[in-house]
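To start, the structure itself, in structure tokens.
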Amino acid sequence: MISSKASDYQQRIGYVFTDPSLLLQALRHRSAGTPHNERLEFLGDSVVNLLIAEALFQRWPRADEGALTRARSELVRETSLASIARTMQLGEQLILGPGELKSGGHRRDSILADAVEAVIAAIYLDADLATCRTVVLPWFETALTALPVGKPEKDPKTRLQEWLQARQWSLPVYELIFESGDPHTKHFRVSCTLGELKLRTEGEGSSRRLAEQDAASHAIDQLDSNK
């Protein structure tokens, strides 16, 4: 039986489930027991990549493969999916175990992004690909239209490196602060240090690479604010 809170949430995401248990599974983190959302996350990752690839292919008829790939990566990266989750207030709906609740798991990018993918898979399984496309693509519309046609924004590490190289300054140094979690729920915190600028930022993510991107993004924000 689905709760009234989850029932209301279906209206927010724009889809009412025939099988509400799929939504409940999509919202249940592995820390809260089974059935949890990891299998749905696996499927949802492929579905969202297909939907975004298809949308970009149709909207950018002159873009080459490289531009399309970079654009898709920008739209489906962890921070982008987590932003969608926050817009939909998905964190408030997550079913988490006591440990994740205590540590603020409902605010963590990796958990939010995984849940978005799981919800997408749940919609796909409950209906079909066409319905999933109709429901899900509007979630990405703002980000899709914001991308410069054929020239998606480079990732934060590349942008930061190019900014420093243009000024002939040393490249940033990334260091692992800590990692936690089991192999399926790893969490990383990384620092980014700019020696000449005496600037140090930190970032988090479900992989070291994502944590470094997050730290670089924070460094760019700091540099922009100091202009």
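Every residue, even glycine, has its Cβ placed from backbone N, Cα and C.
Sequence annotations record features per position, and here Swiss-Prot assigns domain 'RNase III' to 6-128 based on sequence analysis. Across the residues of the domain 'RNase III' (6-128), the predicted structure has a mean pLDDT of 91.
The Cβ neighbour count for Glu41 (Mg(2+) binding site), using a 10 Å radius and every protein chain shown, is 21. DSSP assigns Glu41 (Mg(2+) binding site) to a helix. Among the features that Swiss-Prot reports, Mg(2+) binding site is placed at Glu41, Asp114, Glu117, with the record citing sequence analysis.
Within the same chain, residues at least six positions away from Asp45 (active site) with a Cβ under 8 Å of its Cβ are Val76, Glu117. Per Swiss-Prot, active site is recorded for Asp45 (among others).
For Glu117 (among others), the entry in Swiss-Prot reads active site.
Swiss-Prot lists 155-225 with the feature domain 'DRBM', giving sequence analysis as the kind of evidence.
Marked as compositional bias 'Basic and acidic residues' by Swiss-Prot: 203-212. Packing against the compositional bias 'Basic and acidic residues' (203-212) from elsewhere in the chain are residues 77-79, 108-110, 113-114, 157, 174, 176, 179, 185-190, 192, 218: each is 6 or more residues past its ends and has a CB under 8 Å from a CB in it.
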Please work out which residue of Asp114, Glu117 has the most C-beta neighbours within 10 angstroms of its C-beta, and give that one of the binding-site residues. Asp114
Enumerate the residues of the same chain, Glu41, Asp114, Glu117 excluded, that satisfy the criterion Cβ within 8 A of the mean position of the Cβ atoms of the recorded Mg(2+) site; list them in sequence order. Asn37, Glu38, Leu40, Phe42, Gly44, Asp45, Ala113, Ala115, Val116, Ala118, Ala121
What DSSP reports for the compositional bias 'Basic and acidic residues' (203-212) is 5 helix, 3 strand, 2 coil
